[in-house]
Amino acid sequence: MRPSGRSTSQVRPITITRNFTAHAEGSVLVEFGDTKVICTASVEENVPRWLKGKGQGWVTAEYGMLPRATHTRNRREASSGKQGGRTMEIQRLIARSLRAAVDLEALGEQMITVDCDVIQADGGTRTASITGAMVALVDAVNSMIEKGTLKKSPIKGMVAAVSVGIYKGEAICDLEYLEDSAAETDMNVVMTEEGKMIEIQGTAEGEAFSHEELLAMLALAKDGIADIVTMQKQALES
């Protein structure tokens, strides 16, 4: 039995609130249960130096957590003068995932930066960030079309993510903190709306997992992400 009473395949209640802030071209508050992340997409009419003159755009991301997003206060990374390894890993994952959804040549020499700020963490912050960031990215692109800086959308399709794992010997989907902290295996999966894999990050925290357990986790991820993509599209239509 899971702490929340959910079935093994059930994701947490998910809410995607668009236009959450006033100034960004795209902004979303995404909630996976008690995990809450603000995702803002900002457009710049330039690209990194190494892309200048190449006729393509760029999508990047930054990630951070408020000091009291967790049970105990974490020191702000800015106060130590550098980002931690976990932060850098997560923001690179978010950026790679978003770029898989975009035709960078069709974007032209423009850059979109998506900032993902965790205001409350209860497991799955990176997967929630990717899911919310994708919606914010679509809104930013639509804003560019309205302003005339893009003629058509470079979005190839939706991208979403979910965590899966082995908890008490059973494969489960969308782990909350109590499950994540006690899981034998923890895995994050990013997929396209067609069910193609973008990234799989999996680690056995205790006992090694079998090939059969891997397939079970991936099957849960595929079904969970399909449900999440449906929620993304519903949010964009609202």
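In case you wondered, yes, glycine gets a Cβ from its N, Cα and C as well.
The phosphate binding site annotation in Swiss-Prot covers ARG86, GLY124, THR125, ARG126. A C-beta separation below 8 Å, combined with a sequence spacing of at least six in one chain, links GLY124 (phosphate binding site) to PHE32, THR35, VAL162, SER163, ASP174, LEU175, GLU176, ASP180.
Under the DSSP three-state reduction, GLY124 (phosphate binding site) is assigned to coil, being neither helix nor strand. Listed in chain order, the extra residues whose Cβ falls within 8 Å of the Cβ center of the phosphate site residues ARG86, GLY124, THR125, ARG126 are TYR63, ILE90, VAL118, ALA121, GLY123, THR127, ALA128, SER129, ASN188.
It is ARG86, among the binding-site residues ARG86, ARG126, whose Cβ has the fewest other Cβ atoms within 10 Å in the structure shown.
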